[in-house]
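Chemist: Mind looking over this structure? Questions follow.
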């Protein structure tokens, strides 16, 4: 199974599928359609039914039930796009057999080294087969590892008809990394009672809580005048932007928070004297705290509007997704089945909140409760991203075991 997974995964990551928030089309980039069409062909070749891609880049397929029991239809999902944080073009995966626990030189010329000194969890992978980057791109394990694992699990179930299961639906979605993954997802057509995203990190991750999330875009309009004659006339929008940021709690940023703590994150700032634009994301697990954070942002803007004028500072704030716990707790048995599946395989479930979001965050509010399970990847979204093939095999086994458990408990 290891060779199958390596072959699939290394093929997928070589297709540039980085999404693009500045584009309104779905999918936002053509590479996502390229990979989607490849996946449809592969789904058909392994024997999946109804494999197709729609005009928006959503791939769906079915593995029919092979049991006489009345088993709920379950789904497994992964996303085809990679993050905007770091380039995903010309990915050149490196395979490290039987990792020795020492530094891994990713790129000698650029002096890029993946070291246990910087990433202590790396030491725990001694003896594993690892796949890394070449130090110039991200890897794309988020979320092409999930695609490879779902594909391999379906292939395994088809080749082992003695394993009884209900109907299984599979979907590969576009534009998850820019928050649009489920926007055009047809829940009715998918027709599953429950689903799992295979979009987590290290071995054993099982998540059914996500942030409540909002984005805030602020435009500040200044007044540029020659600095030699600027007294009483110039309004420096960049300085107002600095002032705005100072009105937010300095210690409530991603670099200072963990666990259930929320934050304000200044994603980008672009500007000059005449105009400055700030892009924040706001995150919190607790609904009331989430509302309070948005109010804090509004008050900061209003304070500056009162000082500089209503029309000089414009706030565009909108909710992105909500904590899926509220929709999953009423059907907590789907989390318990995944937990049991891991325990049956000798894997310790690590149930923790996602300090982020998945497609499941939105899908759960669209009527498809969708917790998240691990892929085996580490250090997503950058050149130090890597994944254990050994743990990818375990993710495949968990998918198969979840299918078995739903049938056994029906």
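The backbone N, Cα and C atoms fix where each Cβ goes, glycine too.
Remember, predicted model here, so these are calculated numbers, not experimental data.
Below are the features listed in Swiss-Prot for this protein:
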BINDING   79, 142, 199  Zn(2+) 1 binding site
ACT_SITE  81  active site
BINDING   142, 177, 381  Zn(2+) 2 binding site
ACT_SITE  176  active site, proton acceptor
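Give me the structural setting of these features: burial, nearby parts and distances.
Modeler: Cβ neighbour count for residue 142 (Zn(2+) 1 binding site) (all protein chains, 10 Å cutoff from its Cβ): 25.
Around residue 81 (active site), a 10 Å sphere centred on its CB holds 29 further CB atoms from the protein chains shown.
Under DSSP, residue 142 (Zn(2+) 1 binding site) is assigned to a helix (H, G or I) in the three-state scheme.
Secondary structure at residue 176 (active site, proton acceptor), as computed by DSSP, is helix. For residue 176 (active site, proton acceptor), the same-chain residues 6+ apart in sequence whose C-beta sits under 8 angstroms from its C-beta are 19, 79, 81, 143, 199, 358, 359.
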Chemist: With DSSP assignments reduced to helix, strand and coil, which class does residue 381 (Zn(2+) 2 binding site) get?
Modeler: coil
Chemist: Including all protein chains shown, what's the count of other C-beta atoms within 10 A of the C-beta of residue 79 (Zn(2+) 1 binding site)?
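Modeler: Its Cβ shell of radius 10 Å holds 27 other Cβ atoms.
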Chemist: Other residues with Cβ within 8 Å of the Cβ centroid of 79, 142, 199 at the Zn(2+) 1 site?
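Modeler: Residues close to the Zn(2+) 1 site, other than 79, 142, 199: 78, 143, 146, 176, 177, 197, 198, 358, 359, 375.
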Chemist: For residue 199 (Zn(2+) 1 binding site), what is the tally of other C-beta atoms lying within 10 angstroms of its C-beta?
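Modeler: Its Cβ shell of radius 10 Å holds 30 other Cβ atoms.
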Chemist: Sequence gap of 6 or more, Cβ distance under 8 Å: name the residues on the same chain that satisfy this around residue 381 (Zn(2+) 2 binding site), in order along the sequence.
Modeler: 83, 85, 86, 138, 142
Chemist: Which residues does residue 177 (Zn(2+) 2 binding site) neighbour through Cβ under 8 Å, counting only same-chain ones at least six apart?
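Modeler: When sequence neighbours closer than 6 are ignored, residue 177 (Zn(2+) 2 binding site) has 19, 79, 81, 82, 83, 84 within Cβ distance under 8 Å.
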